[in-house]
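To keep things clear, I will list the structure first and then write my remarks on it.
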Amino acid sequence: MGKITLNQVRKSFGEVDVIPGIDLSVEDGEFVVFVGPSGCGKSTLLRLIAGLEDTSGGIISIDGMDATDLPPAKRRLAMVFQSYALYPHMSVRKNIAFPLKMAGMDPAEQEKRVSHAAKILNLGAYLDRRPGQLSGGQRQRVAIGRAIVREPAAFLFDEPLSNLDAALRVSMRQEISELHQTLKTTMIYVTHDQVEAMTMADKIVVLNAGRIEQVGSPMELYRSPANLFVAGFIGSPKMNLIDGAEADKHGATTIGIRPEHIDIGGDGPWEGVVGLSEHLGSDTFLKVNAGTLGTLTVRASGEVMMHHGDSIRMSPQPGKILRFGADGKAMA
Amino acid sequence: MARKASNTRKAVVTIAAWSIGFLIFFPILWIIILGFKSEGDAIKTPLQVLFSDWTLQSYHDVQARSNYGRHFWNSVILSVGSTVIALAIAIPAAWSMAFVPGRRTKDLLMWMLSTKMMPAVGVLVPMYLLFRDFGLLDSRIGLVGVLTLINLPIVVWMLYTYFKEIPGEILEAARMDGASLKSEILYVLTPMAVPGIASTMLLNIILAWNEAFWTLQLTTSQAAPLTQFIASYSSPEGLFYAKLSAASTMAIAPILILGWFSQKQLVRGLTFGAVK
Amino acid sequence: MATAHSRTAARLMLSPAVILLLLWMIVPLGMTLYFSFLRYNLLMPGMETFVGFENYYYFINQPAFWSALSNTLILVLGVLCITVVGGILLALLLDQPFWGQGIVRVLVIAPFFVMPTVSALVWKNMFMNPVNGIFAHIAKSLGLQPFDFLSHAPLASIILIVAWQWLPFATLILLTALQSLDREQQEAAEMDGAGWMQRFVYLTVPHLTRSITVVILIQTIFLLSVFAEILVTTNGGPGTASTNLTYLVYAQSLLNYDVGGGSAGGIIAVILANIVAIFLMRMIGKNLEA
């Protein structure tokens, strides 16, 4: 079981309110991703849940029990750190067994669990090496191994992939997702990378300046962002945000349209001059200077060949324009 | 990438460096040589000394005075004892300052260093009287206490700079893994800091071994370490060059070897991590 | 970045060190302060009377005090000059590529590990002795009159001995600093057309400032209280020619048994050391933060 509930949880460092007050509920077995720009308080929030920081107010409960004042060890949570935080003086085997040893578990049972974890994570061949002799991806797996042997109520991940190179990041992302499918344990995952958030999460929590901007499934956030911040943060390349006369036409202060929702060619209502075209092979991203609309990013198919200076016409796909009011919130 | 220096230049530098190194080392070399000469030969001119016969007589004589062994053991007990006690007090303190720093941590460290600046002579009289009244004069226990206290600031500082380099996340991971504070320090921090703790230990053994104010003031014979033993040669006995040399060699050899062994760490230690 | 629980633990674990050092600072120093206002002679126990600042008056007004003060300063400054300048030159030399670097390093660092009583005795007897010392042998072989260093230039001789002990330390630290010089920065400066001299003045010297500060700080701590070297070589003499403040206080309290006067001297030494310390702490505080 691993249901985590935050009730008006606050954190301030001295005078500064890092987290002014958060309510959130994480269901058992859910994969929840905290995402937001650096300094938004997502790591602090995770550390509050872990018990590595004291809350300044509010209640954290785990499986219905008040855990606000419990020390980290008593919360039945396991954490994977950004730097992996492996014990450099212990072999992989001892690293993974450390939490079991701390719990005073019988050595035979320890050994059983370690080999089980090693099998799941493909670490069998490395059990007697030191962390220093492993690659980044292998270290990451050891860190995960150390977390899973305890069979915790929930896993906490603090930007675990940010030290890996791009290719490894993709495969580790899949491994963690598969692990979640297998274990069906609650996972809370912190990242600043919205791609990780979109691909892994059951539920995304978008944080900004210590506040929750929106909570929802990846597609909900993609289709109907609650406000301009989420609109701008989720999706890559970023959503085009247009204000002024064009927005007025739709009765909004700002309108948003995703690059993939703009068609080019024909006799679309918007026109512009291509500034830059990035050919990725499968897709082509065009930066179009569209006069009063500003610079628009447009996604076209990979076969479209456009060059700097070409004039084009564009039309937004029907029903894909999002409208935002003066307060930045989405309009119905 | 460094370019290849010309061999002539390298040869010139080699000669200069070796000459200066030899000059600086010469006094030590000289006592080592004199220790293996007879008293009669030891006072001759340097060239005559070099070509005279070698003998172990002086070492036998120093052994025969018999108290060398006691002074040697006193030195070992005083330096190792005070260092171990200082480490036991300093490891938790350095843990606190490195991993749970407060606003006052820097000030606290500076204050600790400043106690090191208090001239020993300022408290010589009361320490002497306290030692006299508590019957601690010429006792190892009293001196171990004093040496512990005078080296404590340096031990704390050194450990602090070493601990600072251990990522806090690892200790947090241990906490998440259910380690108590004791296990965290015992099973995670201490093994990771072994190199730092070892060099702190070496440096402080060296400093305590060579400490020559309190050891000279507070001991006479029973607890006297090698500093006192050698100082006794400042009387006319100093004229027995060969014996003095043999005794000196025996007094400095252990620490010289230890020092060579730890010279890299010594720099970091003595500069409180300010120079790496 | 921690919880209330770990902060409490931290305070608990910090307290033994802090309490011990606090006691070490306050108890003996308080006693010294108290004694300094008494007429207190160990040869006349039970005769202690309160005399106000009389001890200070007599301590400062004895001729030996002023010579001890100037000797202390000359000793500290003399050794600092020799070791810093010598250390820089030596470090620059040893930083060049040459054969046997490791061995020479070991030779140069060795004097630092020699206990003060040994080095003082060795220099006194084997080198500076006017009859059998090496210097005397050399002088005689050149047909010169041997010079009695410790009688005729006692303070300079002690400076030489102490400098020999501390030169390795300065050299080693400055050498380490030199080796951490950013080679790319040097090469960039070379590409920019800076000559050897310019690179030394604009890159090397600023880089060394911090280490020189450290050398001065650490050495001053130890040099202010040089004792053993004086005790075994000159006993502060001839007269008071090589008596420093530390030695004077020792002589007053334990040789003359004048605890009151010695304590007053001790307090004066602490005040002087504090003046130097504040000055140094400012300097190092600035340099250590960076």
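Just so you know, glycine gets a Cβ as well, placed from its N, Cα and C.
Annotated features, as they stand in TrEMBL:
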- C:69-280: domain 'ABC transmembrane type-1' (DOMAIN)
- C:12-37: transmembrane segment (TRANSMEM)
- C:73-94: transmembrane segment (TRANSMEM)
- C:106-123: transmembrane segment (TRANSMEM)
- C:155-178: transmembrane segment (TRANSMEM)
- C:212-232: transmembrane segment (TRANSMEM)
- C:264-284: transmembrane segment (TRANSMEM)
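Long-range Cβ contacts of the transmembrane segment (C:106-123) within its own chain (Cβ-Cβ under 8 Å, at least 6 residues beyond either end) map to 90, 94, 157, 160-161, 164-169, 171-172, 226-229, 231-233. Among the stretches C:73-94, C:155-178, C:212-232, C:264-284, the one making the largest number of Cβ pairs under 8 Å with the transmembrane segment (C:12-37) is C:264-284. Tallying C-beta pairs under 8 angstroms between the transmembrane segment (C:73-94) and each of C:155-178, C:212-232, C:264-284 places C:155-178 first.
Within the chain, the transmembrane segment (C:212-232) has long-range Cβ neighbours (under 8 A, six or more residues past its boundaries) at 72, 75-76, 79-80, 83-84, 87-88, 115-117, 119-121, 124, 158, 161-162, 166, 169-170, 173-174, 242-247, 250, 273, 276, 280, 283-284, 287.
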